[in-house]
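What follows is a set of notes on a single structure, which appears directly below.
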Amino acid sequence: MAIESMDTRDEEAPLVVDVSGGETPKSRTRDVHILSCAFLLIFLAYGAAQNLETTINSEGNLGTVSLGILYVSFAFFSLFASLVVRVLGSKNAVVLGTTGYWLYIAANLKPTWYTMVPVSLYMGFAASIIWVGEGTYLTSIARSHAIDTGLHEGTVIGNFNGEFWAVFALHQFVGNLITLAVLPKGTEGSTGSTSLLFIVFLCSMTLGLQQAFVWASYTKDIVNPTLGEAGVGGAMAVYGAFDAICSLVAGRLTSGLRSITVIVCGGAFFQALILLWLLLKYSATSGVLGVIYPLLMAAFLGIGDGVLNTQLSALLALLFKHDTEGAFAQLKVWQSSAIAVVFFLSPVVTLQTMVEIMVGAISVSLVSFLFLTLKVEKAFSSHQVTNM
């Protein structure tokens, strides 16, 4: 899968699956609204359930292990996801992928090894196709919209991705407010409250997907010891709110490779700031600061997540014009592999070790990203000189 030049005026038209034939610019913006809201409904259930998985299903590390299995499955099936999406079509892939999330929430009503493990395996497949389908569909309608309206392709892709990730990020805010309401302080471990919570999530799905660190270590080792299980919902609601706001803002600021580079560096800075705080200074405390510190961390982690999600999606859409499905599939292979590693490591390593791993990973990733952008910028400049 080769990186394509960002200027393709003199090249053969990209082989992108057009799923928006016959649609008007107005209907395409409507499709972005619908797609964004559908993912919000799906993930407000799954996201909040995943945040609680390591604390509610802690016996025998069922929650942590099942999430690890889920992301190993996600990584494996992502290898074939682009082929599946090409066969099904991006819209059908999204619809089929939704079933995995529905079954995962249903399995949490009776969480045992016999229910959680098979469903986690299937959900890995569902997640692989729903995300490749989403990335392919959103990119296709963004390109068609840019052509029909005469707008700059990078700007439209940035705007569409910004809206999608902003609405999507609200799942952490809305879903965790539901958690906070249904699982109030003092009901930790209550079977009735937990069952009610998952039934609420199940209903919401029927009407409608660095993160692994937040889902696993942050909620278990930072929020839970100071705020309790009920506090996980509040902290993750803050995370979701800042994630949504920054996704929207970052999308609006995206115009091309240079803007993506600057914004990604800003997002990485916020992530690194929190990790260095945890590594060098942070210790659990009581009183007001014991509440403020986890919420402040949630806000900064949300900022970083919103920026990185939006910009990486926009970058792939700009660079891999001839193989959009393959690009998004590869993204999910590496992303889900990393998340699986974090979930499997979480029960056996300390928070300090996990943070050290995260700091190292962010450093290597940022250096690699900057190297990539320099190479692409150089290749783009050479291509322009050749065509003059």
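Glycine is no exception: its Cβ is also placed from the backbone N, Cα and C atoms.
TrEMBL: automatically predicted annotations, no manual curation.
The transmembrane segment feature in TrEMBL is assigned to 32-49 (among others).
Taken from TrEMBL, the feature transmembrane segment covers 69-88 (among others).
According to TrEMBL, the feature transmembrane segment maps to 113-133 (among others). Remote same-chain partners of the transmembrane segment (113-133), defined as residues 6 or more beyond its termini with a Cβ less than 8 Å from a stretch Cβ, comprise 57, 60, 62, 66-67, 69-78, 80-82, 84-85, 88, 90-94, 96-101, 103-104, 106-107, 209, 325, 328-329, 332, 336.
The annotation transmembrane segment is assigned in TrEMBL to 164-183 (among others).
The transmembrane segment annotation in TrEMBL covers 195-218 (among others).
As annotated by TrEMBL, transmembrane segment applies to 230-250 (among others).
Within its own chain, the transmembrane segment (262-280) is flanked in space by residues 210, 222, 246, 250, 253-254, 297, 300-301, 303-308, 310-312, 351-352, 355-356, 358-359, 362-363, 365-366, 369-370, which lie at least six positions past its ends and keep a Cβ under 8 Å from the stretch. Taken from TrEMBL, the feature transmembrane segment applies to 262-280 (among others).
As annotated by TrEMBL, transmembrane segment applies to 292-319 (among others). Tertiary proximity for the transmembrane segment (292-319) is limited to same-chain residues at least six positions away from its ends with a CB under 8 Å from its CB atoms, namely 3-4, 6, 135, 138-139, 142, 153-154, 157-158, 161-162, 164-166, 168-169, 172, 210-211, 214, 218, 222-223, 226-227, 231, 234-236, 238-247, 250-251, 254, 256-257, 260, 263-264, 266-268, 270-271, 273-274, 277-278, 282, 285, 327-328, 331, 376.
According to TrEMBL, the feature transmembrane segment maps to 357-374 (among others). If one looks beyond the transmembrane segment (357-374) by at least 6 residues along the same chain, the residues whose Cβ comes under 8 Å of a Cβ in the stretch are 210, 213, 257, 260-261, 264-265, 268, 271-272, 275-276, 279, 338, 345, 349.
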